[in-house]
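So that you can see what the record holds, here are the features copied from TrEMBL:
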ACT_SITE  C116  active site, proton donor
BINDING   K22, N23  phosphoenolpyruvate binding site
BINDING   R92, R121, P122, I123, D124, L125, D305, V327  UDP-N-acetyl-alpha-D-glucosamine binding site
DOMAIN    8-403  domain 'Enolpyruvate transferase'
MOD_RES   C116  2-(S-cysteinyl)pyruvic acid O-phosphothioketal
Amino acid sequence: MGKIVVIGGNRLTGEVSVTGAKNAVLPILAATVIGGNESTIFNVPKLRDVEVMEKILISLGCKVKRLDRMMWVDSKSLNSVKIPEELVREMRSSIILMGAMLSRTGEVIISYPGGCEIGPRPIDLHLKALRELGADIVESHGFIYCKTKELKGCEIQLDYPSVGATENIMLAAVKAKGTTIIRNAAREPEIVDLQDYLNKAGAKISGAGTSVIIIDGVKELKDVTHNTMPDRIVAGTYMIASAITEGEIVIKNIIIDHLQAIIAKLREAGCLIYTDNNSLKVIGPKRINSIEMIQTLPYPGFPTDMQAQMMALLSIANGTSIISETVFENRFKHAEELIRMGANIKIFGKVAIIKGVKELTGAKTTAKDLRGGACLILAGLAAKGVTEVENMYHIERGYEDFHIELEKLGANIKKVE
Ligand SMILES: CC(=O)N[C@H]1[C@@H](OP(=O)(O)OP(=O)(O)OC[C@H]2O[C@@H](n3ccc(=O)[nH]c3=O)[C@H](O)[C@@H]2O)O[C@H](CO)[C@@H](O)[C@@H]1O
Ligand SMILES: C=C(OP(=O)(O)O)C(=O)O
């Protein structure tokens, strides 16, 4: 298990290009099992979670080839309905295979998914919706047994716009009989990317990006080529790397519209941000302004996946900031690690009060989850002295060559195995 060692104080400058989005490519790769067709996916990031999904697809009998950032999946030869437990436990996205496999074979056996430790992550909305579509689901001894003779389109009102539940329903409904309507659907851009992939394969889906998604079931899917959308969270993380180091970084290969909530908060924090067609430049101020309130919300609100990185930034702001985490129950584990570095943060349930300090000091810290790990590296970039971040594997779930890219931008950073 590797760790990151960073010596803070360097101003980061230069250009970085953003890779494909983890949260878009994982459901798309799950969707490749549906059609018994060939999918060629470009802009696939080199991430641990993608490797896990690749192993799952192979274990199900799919043929998979990877060449740099291209992944080709042929799901004709799929011959198993059991998703290996050890792989399911590795990441949250494995649960999306439930809808995809039900659609393909009418049967799937899966255990409860893993993923980041950010509080309880029930799957009740997924199960309720799949039952409404006609699946028989039995939960027993940690496994979920799903079976159906036929999935039938229906109207599903989600109690909460869950990203994963929306994706699972879309995948289950693609080839269901009749029309499925999802109300209060998640509006995240990754849902739009999934719709695009499926429609290119011959699905009939409309409305992704709004809270009502309509899926007209089709009989079959055809071969498809798709280019994964850029990762808005990776982009946001580099934006903060610039902000926190008084830097000047150009972030390329992005979709500006996906970043509006992050841009607005970084401008409030005093950053200068210049946008172009598919790139932007962030110039960090001498001292970060505090921000009265950041509330994490479903898209287009401020993303929970940027909350930890924002906390690192606000820990050195001029004044007191408040972060309210409304999406997950327990997503402040990084705060105690920032406190080791001299941050002044108090947690009251799902609210964090951050009194900015003039300077953080390097310390030995541990990443408890993916974005928490990114937060500690960002804090280390600005801190005085040496910061160590243990449990690098969390970071590798969602950032491709993070330390290498930061080094290219001027950081004094290395990975130690
Ligand atoms: C692989 C992926 O795309 N992960 C993203 C996805 O996770 P994920 O799809 O797990 O997130 P959801 O939108 O489903 O979860 C949001 C909230 O709803 C709750 N909930 C969800 C489902 C359910 O059946 N019951 C229930 O109570 C969750 O516990 C959580 O508190 O969206 C999150 C919210 O933007 C992001 O932080 C994750 O990075
Ligand atoms: C929470 C995250 O991922 P996952 O849902 O895959 O655990 C994330 O990407 O920040």
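Keep in mind that glycine also has a Cβ here, set from the backbone N, Cα and C atoms.
Here the CA atom of K22 (phosphoenolpyruvate binding site) lies 19 Å from the CA atom of V327 (UDP-N-acetyl-alpha-D-glucosamine binding site). This prediction places the mean pLDDT of the domain 'Enolpyruvate transferase' (8-403) at 96.
The Cβ of R121 (UDP-N-acetyl-alpha-D-glucosamine binding site) has 17 neighbouring Cβ atoms from other residues within 10 Å, across all protein chains displayed.
Close to ligand 2, meaning a Cβ under 6 Å from one of its atoms, are these of the binding-site residues R92, P122, I123, L125, D305: R92, D305. Among the listed binding-site residues, namely D124, D305, the Cβ with the most fellow Cβ atoms inside 10 Å is that of D305. Of the residues the record lists as binding UDP-N-acetyl-alpha-D-glucosamine, namely R92, R121, P122, I123, D124, L125, D305, V327, the two whose Cα atoms sit farthest apart are 22 Å from each other. In the three-state DSSP assignment, the secondary structure recorded for P122 (UDP-N-acetyl-alpha-D-glucosamine binding site) is coil. The distance from the Cα of P122 (UDP-N-acetyl-alpha-D-glucosamine binding site) to the Cα of N23 (phosphoenolpyruvate binding site) comes to 18 Å. Packing around N23 (phosphoenolpyruvate binding site) is summarised by its Cβ count: 24 other Cβ atoms lie within 10 angstroms of its Cβ, all protein chains included.
Ranking the binding-site residues K22, R92 by other CB atoms within 10 A of the CB puts R92 at the bottom. Neighbour count (other Cβ atoms within 10 Å of the Cβ, all protein chains): 9 for P122 (UDP-N-acetyl-alpha-D-glucosamine binding site). Distance between Cα atoms for K22 (phosphoenolpyruvate binding site) and D124 (UDP-N-acetyl-alpha-D-glucosamine binding site): 23 Å, as a whole number. Neighbour density for V327 (UDP-N-acetyl-alpha-D-glucosamine binding site): within 10 A of its CB lie 21 other CB atoms from the protein chains shown.
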